[in-house]
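To start, the structure itself, in structure tokens.
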């Protein structure tokens, strides 16, 4: 029997992944393993073109990318190189995504959290195999078996706490708190704490509105502010910020006491209505939906964090293995990657902390005169390696917190890179509706935001349905909340190119 012929040339590889730093690491690892990286691309569409041009032996294909994701690009790549090995990369759950990818034509599946050594070994194994039909690859380390844990029994307490909280705010009951030690209420040294100060700590929303047709807002605790997207200002008509809730309050108003289910800006809540002396108290309990949202948010946030962590681990692994042999230029590129990925992690944690501060009503700002171009330059130099054009048609300063403004612009640019297409432009101009505001536009040339998603675009933990590109769902919520806290307005419109245009309008100095 004849032995297999030895390879006369190295294995040719095309890497398709939207993270430049990960492509750099994969290139280092594959080159170290004797392979030749002949092409790279940052999205599925560019990946198809790279494969068409290079005709590689192996394609490493990320599943979650802008413009065109890996699952969309995979059939076209398979048709272009029917004999090549296609290995998909993702941070998603291995079982679900591997089945989808393999059914679409992939030969193997890798999770981004694997070490570079294991990735190289796996690619070498796949290249050496020639199965008659694609099959699910055996992972280097079998995943642990899963044990299903039944959810805890539903807690009936919220409905009881609903009545207690509403009664306390109206002066008709006691506060919904843990049992307290006996206090002599006849004592002259009673603590000077109002009902609303106590309810500020409640996880449930309590809203006081005037008992008149417009239901003007008198007071809202932080939990109610969150549900009403921080727009519950004193004197604002409830119907202008939560029309469905206002309609239900009007319907139940004459009953004095009522319980009903309401939709508050896309969030399902259990509501209780109580009549006070000259106002109405509305108790809002979104516990059930909040728990579901929180679980989804934890899953997506973990996925977002895993990408940068995988890059940082890969860099450390590369330096330990070959640091002595690397040139100054190579080490410099790796250190730049460390800085960029650390900034990505910082951005994720900053949004989580800001969202928590907004929920507690504890947001603090250090507003001062800021030149927008200085902040734009800082964001671009720190975090992004793509070309972003800056256009300044208004050289006035704005009144803003410089660190928060950097966070806001970073979120908008990250959003444009994730969901849009080049060219990307940041422009500073006079606001067309208010001469006392300076408008900062962040635009791309992608497909824009779907019409059906625009209404909930700036809501908390919201992402466009059907998109493979992921995110925490906090970025735009944080942008709008911070802009309004600085006395400005955040808005969306369709750019002249047909892409997305997000605008921050801030007070001019």
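Just so it is clear, glycine is given a Cβ too, placed from its N, Cα and C backbone atoms.
Any TrEMBL annotation is an automated prediction that lacks curation.
Summarised as a single figure, the pLDDT of the domain 'Response regulatory' (12-127) averages 88. What TrEMBL records for 12-127 is domain 'Response regulatory'.
Summarising the annotation, TrEMBL assigns 4-aspartylphosphate to 62. Long-range Cβ proximity for residue 62 (4-aspartylphosphate), meaning a same-chain Cβ under 8 A and a gap of 6 or more residues, is found for 16, 17, 18, 19, 70, 88, 89, 90.
The region 'Disordered' feature in TrEMBL is assigned to 133-189.
Residues or ranges marked as compositional bias 'Pro residues' by TrEMBL: 134-156.
The annotation compositional bias 'Low complexity' is assigned in TrEMBL to 157-169.
Sequence annotations record features per position, and here TrEMBL assigns domain 'Histidine kinase' to 300-509.
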Counts by DSSP class (helix H/G/I, strand E/B, coil) across the domain 'Response regulatory' (12-127): 58 helix, 26 strand, 32 coil
